[in-house]
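Student: The structure's right below; bear with me while I get my questions together.
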Amino acid sequence: AYPYKSPSIGFLNRIYHPNVDEMSGSVCLDVLNQSWSPMFDLSNIFEVFLPQLLLYPNPTDPLNEEAAALMMRDRNLYDQRVKEHSAKYAKSELEGRKQEDESSSDEISDDEYSSCEEEMTDHRDP
């Protein structure tokens, strides 16, 4: 029903954030859930709404209650937990490919690897 109904948005990597369900990756964003309009498009979501949500979490309307409570109680500890989660779960697609390549018997030449790396820099997640 898009664009008349909002799209479902979620993250594949685990994210420690008050408005993101840690297990499913679902995003709690008012503009998607309550005030969606067909005049919005995917570029609005990825260039404006999600970056704003990630920079300015709303702990009063959480999907991850633990993250919200920690953020309100101890911002420094919350920031540390976010960094730990990022180090543990955030992995670029290129790193994932490198690990897969190391475990397979097929070899990739340096030229092929470089071209993959160049492609990946153009397609990063917001």
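Residue numbers in this text run from 1 along the chain shown.
Yeah, the Cβs are placed from backbone N, Cα and C, and that goes for glycine too.
This is the feature table in TrEMBL:
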- CYS28: active site, glycyl thioester intermediate (ACT_SITE)
- 88-101: compositional bias 'Basic and acidic residues' (COMPBIAS)
- 102-120: compositional bias 'Acidic residues' (COMPBIAS)
- 1-91: domain 'UBC core' (DOMAIN)
- 88-126: region 'Disordered' (REGION)
Student: CB neighbours of CYS28 (active site, glycyl thioester intermediate) within 10 A?
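Tutor: Result for CYS28 (active site, glycyl thioester intermediate): 18 other Cβ atoms within 10 Å.
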Student: Mean pLDDT for the domain 'UBC core' (1-91), rounded to an integer?
Tutor: 92
